[in-house]
């Protein structure tokens, strides 16, 4: 009977699969799509900025002003992502995980309409403001989707479903690259449609996701609605007997009673969550500061130096995006076999090696004729390495190493680090590139090395373990006797009254 229950636990039901698809396609896909959507049509959009300025002022826009406006267009997205991350805790605690995703569609559908009409309205300000809104959408979804799916999934499918959001981010990037081909929508007339299409997945999610269950953990632990939690589990698992899983959630609820809701400020003060928090910051910072955006930024120049014609670079870039999708799809299937820790070590080590070899290849490309081809290989190897570990695993890891009361605040911190790091790399890499030239990637190699060492020394394997079991592993690292021991309750009570109320 016990064996039968274990087999049941791992079943991917139609309801669970569809809920995963709707959450990831309606939210994570848009993150990836909006990362890449403005790249291909940038020439036509900047011409629109100039034409609009000319119509208003009867003179062409100055080069500096145009560069500033375009920089704002690009940078508003990660800035919005940072704002969205700060909203996560409030939304998921008050609206639930599913409710937060449904609310988040406002920040997709509204800017999609605005961007689609921006050319007719003759307003580049609409585009800049809309980029801020879709950034907020991405900031919320990049945190809430992994949280939602991690709480829906049985523990033996938690890794695979936890990687799905990153898979849909890569699919979104690839679709934007394909739609952004000059023969498709990267044209003077097509770019508003390209930008406006981001609202389609949001509309689908808004229509269909309400018919799928809320997180059972949220319903039981935070809403104290045991019957609703049991019904949600029965719907997700496809059978009536969910007593074992309900008992697991009750144990988690019992373990957390001493803590209550843990705010961001409390999280920074709690000894029992210290190494979980440090690991979150290191992994999220390492994910972005390892140079993934810089690699994509530099890729076009690498392809051109290897002899790829300027008109063909867009196809090679799309090919790189396809490799990213394929490797992330592979990760979905191997994460439960190889484990999270191993994939992180493999991924960061691969990125480290690629950055070192790429530095050598770029330094010697004018001396040795075949070095540009080595550079192309390094870009592809780096993309593969990042797709295997650094891209998909950190968000999944946050879901697994925190319990219900601290998870929203942990995602707020992790998401903020993610988007700030993203913004910093985008802001300073062009200057680093000018100053260091081909040696720019040494900085990213050092970050990959330090992150790899940290993972090897500190990060445990979480595969196949319950949330409480994982926190018991960290309890030893944090030098506390249990997940939430009595002295931790005293620690919380010793905080200043104003802090406890946050």
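Backbone N, Cα and C atoms are what each Cβ position is placed from, and that goes for glycine too.
Per Swiss-Prot, D-fructose binding site is recorded for 31, 166, 287, 295, 296, 297, 386, 418, 419, and the stated evidence type is experimental evidence. The N-linked glycosylation site feature in Swiss-Prot is assigned to 50. The annotation N-acetylmethionine is assigned in Swiss-Prot to 1. Residues annotated as topological domain 'Cytoplasmic' in Swiss-Prot: 1-17, 91-97, 149-160, 213-276, 334-341, 394-411, 460-502. As annotated by Swiss-Prot, transmembrane segment applies to 18-38, 68-90, 98-118, 126-148, 161-181, 192-212, 277-297, 313-333, 342-362, 371-393, 412-432, 439-459.
Beyond the ends of the topological domain 'Cytoplasmic' (91-97), by six or more residues, the same chain brings 103-104, 140, 144, 147-148, 151, 214-215, 218-219, 222-223, 261, 408, 411 to within a C-beta distance below 8 angstroms of the stretch.
Per-residue pLDDT, averaged over the topological domain 'Cytoplasmic' (460-502), rounds to 68.
All protein chains shown were included, and the count of other CB atoms within 10 Å of the CB of residue 287 (D-fructose binding site) stands at 26. According to DSSP, residue 31 (D-fructose binding site) sits within a helical segment. The two recorded residues, residue 287 (D-fructose binding site) and residue 50 (N-linked glycosylation site), show a Cα separation of 36 Å.
Long-range C-beta contacts of residue 31 (D-fructose binding site), restricted to its own chain and to partners at least six residues apart, with a cutoff below 8 Å, comprise 137, 138, 141, 142, 169, 172. Sequence-remote contacts of a segment are chain residues at least 6 beyond its ends whose Cβ falls under 8 Å from one of its Cβ atoms, and for the transmembrane segment (68-90) they are 34-35, 38, 42, 45-46, 49, 61, 100, 107, 124, 127-129, 131-144, 263-264, 408-409, 411-412, 414-416, 418-420, 422-423, 426-427. Cβ neighbour count for residue 386 (D-fructose binding site): 25 (other Cβ atoms within 10 Å of its Cβ, all protein chains included). Neighbours of residue 419 (D-fructose binding site), defined as other CB atoms within 10 A of its CB across all chains, total 27. Away from its own ends, the transmembrane segment (161-181) comes close to residues 16, 20, 23-25, 27-37, 39-41, 141-142, 145-146, 149-150, 152-153, 194, 197, 314-315, 317-318, 321-322, 324-325, 328-329, 331-332, 335, 387, 391-393, 395-396, 399-400 of its chain (Cβ-Cβ under 8 Å, at least six residues beyond either end). Long-range neighbours of the topological domain 'Cytoplasmic' (394-411) within the same chain, counting only residues 6 or more positions beyond its ends whose Cβ lies under 8 Å from a Cβ of the stretch, are 85, 88-89, 92-93, 142-144, 146-147, 150-151, 158-159, 162-163, 165-166, 217-218, 221-222, 252-253, 255-256, 259-264, 266-267, 270, 273, 276-277, 279-280, 283-284, 286-287, 335, 340, 418, 459, 462, 465, 467-468, 470-471, 474, 483. In this structure, the C-alpha atom of residue 419 (D-fructose binding site) lies 30 angstrom from that of the residue listed as 'N-linked glycosylation site'.
Counting C-beta pairs under 8 angstroms (sequence separation of 6 or more), the transmembrane segment (371-393) reaches the transmembrane segment (313-333) with 3 or more such pairs. In the shown protein chains, 17 other C-beta atoms lie within 10 A of the C-beta of the residue listed as 'N-linked glycosylation site'. Comparing residue 386 (D-fructose binding site) with residue 50 (N-linked glycosylation site), their Cα atoms are 38 Å apart once rounded.
Sequence-distant residue pairs (6 or more apart) of the transmembrane segment (98-118) and the transmembrane segment (192-212) include at least 3 whose Cβ atoms are under 8 Å, placing the two stretches in contact.
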